[in-house]
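All remarks here apply to the structure that follows.
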Amino acid sequence: MRWCALLVTILLVFSVIGDVFSDGTSLISSQTDLVEGEGKCEEITIPMCLGIGYNLTRMPNELNHDNQEEAGLEVHQFWPLVEIKCSPDLRFFLCSMYTPICLKEYNKRLPPCRDLCRRAREGCEPLMQQYGFKWPDRMECDQFPVYGGEELCMDQNKNESGSGGGFPSSKSTTRPKHNKNNCKNSKNCADPPGDRSKARGRDCTCQCRHPLIPLGRDSPQYNRSVAVGGVADCGYPCRETFFNTDEKEFATVWITLWSGLCAASTLMTLITFLIETERFKYPERPIVFLSACYFLVSIGYLVRVGIGHENIACDGKVIRYSSTGPNTCTLVFLLVYFFGMASSVWWVILSLTWFLAAGLKWGNEAIASYAQYFHLAAWMIPTIQTVGVLLSGAVDGDPVSGICYVGNMNMENLRTFVLAPLLIYLLLGTSFLFAGLVSLFRIRNVIKRQGDDSSKADKLEKLMIRIGIFSVLYTVPATIVIGCYLYENAFHDEWLASIACPCLTPNRTRLRPLYSVLMLKYFMALAVGITSGVWIWSGKTLDSWRRLWRRLFGKSDRTGAAAVLIKTRPGKPPPQYLVAAPGSASLLGPTGSSVASASQHHLHHHVLKQPPLSHV
């Protein structure tokens, strides 16, 4: 069988060599821009496309595969059709899509011609329909340029088409041929000034192209204002398309790791609170409720591990765009959003109570008297926010983490329901915190100037250090999370538009989010829960857990006040106590009774140190 020759149709005027010498600077600069915007030529490594007629390709390809490994996994799904030779043009057509030719002298893409696509489709589509398969929408033939039109395209030599699809290696350095016309008329140029979109043809039309998913009439999302890059009835796939398989797997492990650590740390804080409730008084008690909120937030992330990414964040093959009913998506949203916002409100309350105690000199009892109002604000405000999100139908899936939240696909919802509240909470809490720390510094300076007991100043300094550390451990992650949301809000629409409308970016460069920024966002969203245990890391916490251990495993605790050792002299009976009979006169008379009652009242407030009874 003779080798199949590769025919590259030519409309780009290559007869402007004389113009190159006269205006070589502009041509060189434009060529340089093209080279910088595209990947370099690389050897074809996909087995099915070896010996196709050319040896070099360039990534990303027409289907937005970033490397040949990704392209090879998909194109080899068509290998059975190539083997049975349903069409002699199928192999060449597939390779022109998945491994487009790369010519060093021509720095633009060469898509397959429309006739090549139709010949491959006419030969193989009937066989595919017999087995229940349809011709892929992203390979629709009408989107490709016509042979002999304004845009260059690839086709096989119709007289020598065959399964080989190639030509001898001595001819593998084919160059674009000259057009019959010259480039003096801008209409004959490949990129006429001011009209590049017309020259590029289908590349400048915004389409629901792979990896985006067209929404048919049978889709529940059809005609519901679902759009990507301005293309209506076009959905984003269930899993993130900007990252490769390794990055997706690492994201799953990363989020699971930190959510598990957050759950463990906050659970320890909650158990410590239940063991010794009286130890946690205002103004520090809001830390416990803040930890409880982060515990439930981490549970929301961990639910995804048990139920699965697709069952929570996806609606079939498309990411979930709206969830209002009682389902797992709504449940995860409630855990992550409601308790996430409640934790922010508790942070504001914590800063407020610290300010009341340090700045306004309020006591524990005075602050605790307003506890019901603190709880009302901490739970009512997030409830109003959550109801607003549900009524707006703003709950959507996250293609990276696999949870349901708000503002993943709609940046207006992100600004309204996430960014605005978080900024307000952070500013309020930071203001109260700063005012409280300033008051503590003033008190510390007064104590040192008066020359009082140095232990008071030391205790105050330790308290200031603990408050400062905990404040940094909250404000820094909260600020970084807000920064990550601002980054998404600024560039999210551009990322999606670069898929649907490649010509919007120079040289068809596909924009993508920074992977490290997204991973940082998920870590910082859980970091506060992990570090919430800093406040309880002390010797008292260890003693509380020791007592719990002894209670659970039956070991008695004799270290408390219940065990009293009374030492007496040998042979001397223990002291006897005289108890006056009811109604009898006291030995001390009225005065003695008043003293006794006063002493009894005094014992409620002070611990009296008495000498051993043996010395009495």
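From the backbone N, Cα and C atoms, a Cβ is placed for every residue, glycine too.
All TrEMBL annotations are machine predictions without curation.
The signal peptide feature in TrEMBL is assigned to 1-18.
Taken from TrEMBL, the feature domain 'FZ' applies to 36-156. Residue counts of the domain 'FZ' (36-156) by helix, strand and coil are 54 helix, 11 strand, 56 coil (DSSP-based).
Spatially close to Cys102 (disulfide bond) yet at least six residues away along the chain are Cys41, Glu42, Leu56, Thr57, Arg58, judged by Cβ distances under 8 angstroms. What TrEMBL records for Cys41-Cys102 (among others) is disulfide bond.
Within 10 Å of the C-beta atom of Cys49 (disulfide bond) sit 25 other C-beta atoms, taking all shown protein chains into account. For Cys49-Cys95 (among others), the entry in TrEMBL reads disulfide bond.
Cβ neighbours of Cys86 (disulfide bond) (same chain, under 8 Å, six or more residues apart in sequence): Gly123, Cys124, Leu127. Per TrEMBL, disulfide bond is recorded for Cys86-Cys124 (among others).
Here TrEMBL flags Cys117-Cys141 (among others) as disulfide bond. All chains included, 18 other C-beta atoms sit within 10 angstroms of the C-beta of Cys141 (disulfide bond).
The annotation transmembrane segment is assigned in TrEMBL to 253-275 (among others). For the transmembrane segment (253-275), same-chain residues at least 6 beyond its ends with a Cβ under 8 Å from one of its own Cβ atoms are 287-288, 291-292, 294-295, 297-299, 301-302, 304-305, 401, 519, 522-523, 526-527, 529-533, 535-536, 541, 544-545, 547-548.
The transmembrane segment annotation in TrEMBL covers 287-307 (among others).
Residues or ranges marked as transmembrane segment in TrEMBL: 331-358 (among others).
Annotation comment: TrEMBL describes 370-391 (among others) as transmembrane segment.
Taken from TrEMBL, the feature transmembrane segment covers 418-443 (among others).
What TrEMBL records for 463-488 (among others) is transmembrane segment.
Proximity of distant same-chain residues to the transmembrane segment (514-537), defined by a Cβ-Cβ separation under 8 Å and at least 6 residues beyond the stretch ends, is recorded for 243, 247, 251, 254-255, 258-259, 261-263, 265-266, 268-269, 272, 284, 287, 290-291, 294-295, 297-298, 301, 340, 343, 400-401, 466, 469-470, 473-474, 477-478, 480-481, 484-485, 487. Taken from TrEMBL, the feature transmembrane segment covers 514-537 (among others).
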TODO: Look over the recorded stretches 370-391, 418-443, 463-488 and say which has the most C-beta pairs under 8 A to the transmembrane segment (331-358).
DONE: 418-443
Open item on the list: What does the structure give for the C-alpha distance between Cys49 (disulfide bond) and Cys117 (disulfide bond)? Integer Å is fine.
Closed with: 17
Open item on the list: Is it possible to get the count of other C-beta atoms within 10 angstroms of the C-beta of Cys41 (disulfide bond)?
Closed with: 15
